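S.K.: From TrEMBL, here are the annotated features:
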type	residues	note
BINDING	ASN39, LEU41, GLY66, GLU88, ASP114, ASN144	S-adenosyl-L-methionine binding site
DOMAIN	46-237	domain 'Ribosomal RNA adenine methylase transferase N-terminal'
Amino acid sequence: LCLMAAPGKVAAFRLPPLPTIGEIIRLFRLKALKQLSQNFLLDLRLTDKIVKQAGELKNAHVCEVGPGPGGITRSILSAGVEQLLLIEKDARFIPGLQMLSEAAPGKVHIVHGDILTYKMEKAFPKHLKKNWEDEPPNIHIIGNLPFSVSTPLIIKWLENVSKRDGPFIYGRTQMTLTFQKEVGERLAANPGSKQRSRLSIMAQHLCTVENCFVIPGQAFVPKPEVDVAVVHFTPLVQPKIQQPFELVEKVVQSVFQFRRKYCFRGIETLFPENGRLKRTEQLMMTANVDPTLRPFQLSMSQFRNLCNAYRKMCDEDPSLFVFNYREELRQKKMTRSLLESTGQPEQTEEENQL
């Protein structure tokens with residue numbers, strides 16, 4: 001049966017009648033694997049709500065990460081997208097996704113692969129590229145991510161935003177992703193919030209981050225022990241901190257290493273033991289940051305000042321940037337064990353410095 005569209009109107013895309021997600025799971029004997037932290041979302045009203053957060057998807061090019069049994073996939077296709085790229089690591093889901101692909105001829109491309117290693121630079125047509133300063137391209141990344149992958153993946157993509165490569169070679173590609181509720185709160189946390197963390201700074205200095213809504217755990221099968229947050233990211237035209245990703249990450253990670261203590265305690269770990277106190281004081285004075293503030297109290301501009309001041313010190317002494325505090329601790333521990341095994345008395349800190 002061929003349904004003709006009314007003159008002058010484009011017929012909206014509609015999927016033909018298909019088995020429900022629950023039926024697909026039974027048909028292909030799919031089971032969520034705990035070791036992959038998989039949880040299925042069966043309620044299509046909720047999948048529609050997730051897809052709605054991505055914005056206008058009519059004629060858009062979308063990459064869905066980890067589609068699983070295809071709940072969100074159906075909602076994306078129903079939004080009238082031009083092309084949908086599905087990247088699924090678990091081969092068990094491929095037959096169910098192929099059924100969806102056949103129901104939307106020419107719209108779906110399925111890749112059996114790992115999103116952490118997949119080259120996103122060639123995922124979309126070249127003509128979709130926009131300048132960074134322009135509006136975001138008509139490209140979206142959507143995914144109900146397994147909890148085990150979500151944090152390393154968003155860090156990887158934030159680094160891509162900083163370098164304008166990967167999926168951001170096309171411009172300021174938008175992302176709508178799920179995280180554990182607590183991680184979602186960290187991503188969007190403001191200064192002073194107890195949820196403020198390394199993730200908050202890394203995400204917010206590069207993107208506008210919107211914690212859209214929370215899905216209760218009981219909506220998933222099997223039910224996770226936590227609720228799930230849907231978070232939307234739009235890369236900023238200008239990052240809040242104009243320094244290389246690796247430098248910002250090192251400073252931010254150091255500051256939050258001792259999140260309950262004063263921020264200077266974390267800053268100290270940027271410097272070798274010899275001259276540590278003097279250099280920490282120098283950095284904090286140059287950055288004009290109160291050393292008795294807790295890490296979660298620091299504003300974005302204070303982090304920017306710290307990164308800029310640290311960059312200046314690294315330019316003057318390049319060995320600073322490669323210094324690794326944990327490696328220093330490991331070496332000290334090995335030396336101490338060696339001294340104890342040979343029966344020699346342990347040296348004092350002053351002797352060590354000499």
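In case you wondered, yes, glycine gets a Cβ from its N, Cα and C as well.
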S.K.: When the number of other CB atoms within 10 A of each residue's CB is tallied over all shown chains, which of the binding-site residues GLU88, ASP114 has the maximum?
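M.R.: It comes out as GLU88.
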S.K.: Of ASN39, ASN144, the binding-site residues given in the record, which has the fewest other CB atoms within 10 A of its CB?
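M.R.: The binding-site residues ASN39, ASN144 were compared, and ASN39 has the fewest Cβ atoms within 10 Å.
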S.K.: Given that the record lists ASN39, LEU41, GLY66, GLU88, ASP114, ASN144 as binding S-adenosyl-L-methionine, what is the largest C-alpha to C-alpha distance among them, in Å?
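M.R.: Pairwise Cα check on ASN39, LEU41, GLY66, GLU88, ASP114, ASN144 gives a maximum of 21 Å.
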